[in-house]
């Protein structure tokens, strides 16, 4: 049997071309994901450094200063130290729950970043139900904390896990009602469409002015969801040693630490997207008409400006969260639940009814 060498070469070149196409397709899929993860990691490191510096300034003491100039790499040094520490397992605990819990907490929060628009056309997944996907996915995180508390075989850890679950359920309902009000105002549940609906009138088009009650309820609920002071009952050190993370050490303890800051960053980003106009410059057109055109800019310049504006608004809210930590005292557990069920829930429900009524009357 005689085989034509030209046909063999064509087949080989075709197979190589197909392999290159598959490789290119794989790289094209994973490059945005890896870029987003890298950006999130840098954002978390910046938040940790900012919190230490701002806390030091409020308390009139010296913050981190030894790990690199101004202590910029202190968070990286702490993470490296935790990475090389020994992972201890409780002798009579449920090791499966104990090991899986931190991973569930981190992964569920990381998935929320996929629907956040950082600039015009710069979003990993522009879904029609983007904001509700965030609420659905973020509600999984307390399950990881509950598993961690149960698997530790420690009464303090288990109480911390139960508190985390109770707190999440109590404040997730008002938060969802506020998000639903924004969705009704924007006639969409897509995060990109919500930002677009706020861009028509510049600064005065922010949902902050159209939904002031919802903004306050969302602000309080997001702080409670992040378990920040004055809502850090699941890990109150005076009562529960360290709550659900009492028995953890090494990188697993570090994962809880990372999950806390990831949750704080994603909440700040959603405040920016839902209430502060997202990536839009948001200056009134009548004052600065030339700068107003930046909102419509495309390409690398427009994308860079959009990312900068989004991050500036996000870190402004983070500053408020950090200063709140050292301003207000911790609530009791009964006060926390009363605030969620007896005050925020009726207020957010009334706000939703008012929004619905105004939308129906405007038809």
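Here the Cβ of each residue, glycine as well, is placed from N, Cα and C on the backbone.
Sequence-distant contacts of the transmembrane segment (29-50), counting only residues of its own chain at least 6 positions beyond either end whose CB sits under 8 Å from a CB of the stretch, comprise 64, 71-72, 74-76, 78, 110, 113-114, 124, 258, 261-262, 264-265, 311, 315, 318-319, 322. If you look up TrEMBL, you'll see 29-50 (among others) marked as transmembrane segment.
Sequence annotations record features per position, and here TrEMBL assigns transmembrane segment to 97-116 (among others).
The feature transmembrane segment is assigned by TrEMBL to 122-147 (among others). Same-chain residues lying 6 or more positions outside the transmembrane segment (122-147) and placing a CB less than 8 Å from one of its CB atoms are 32-33, 36, 97-98, 100-105, 108-109, 111-116, 160-162, 164-165, 167-169, 172, 175-176, 179, 182-183, 188-192, 194, 225, 234, 244, 259, 263, 266, 270, 274, 279, 303, 306-307.
Per TrEMBL, the feature transmembrane segment maps to 255-279 (among others).
Within the chain carrying the transmembrane segment (299-322), a Cβ under 8 angstroms from the stretch's Cβ atoms is held by residues 43, 46-47, 50-51, 54-55, 118-122, 223, 226, 228, 264-265, 268-269, 271-272, 276-282, all 6 or more beyond its ends. Marked as transmembrane segment by TrEMBL: 299-322 (among others).
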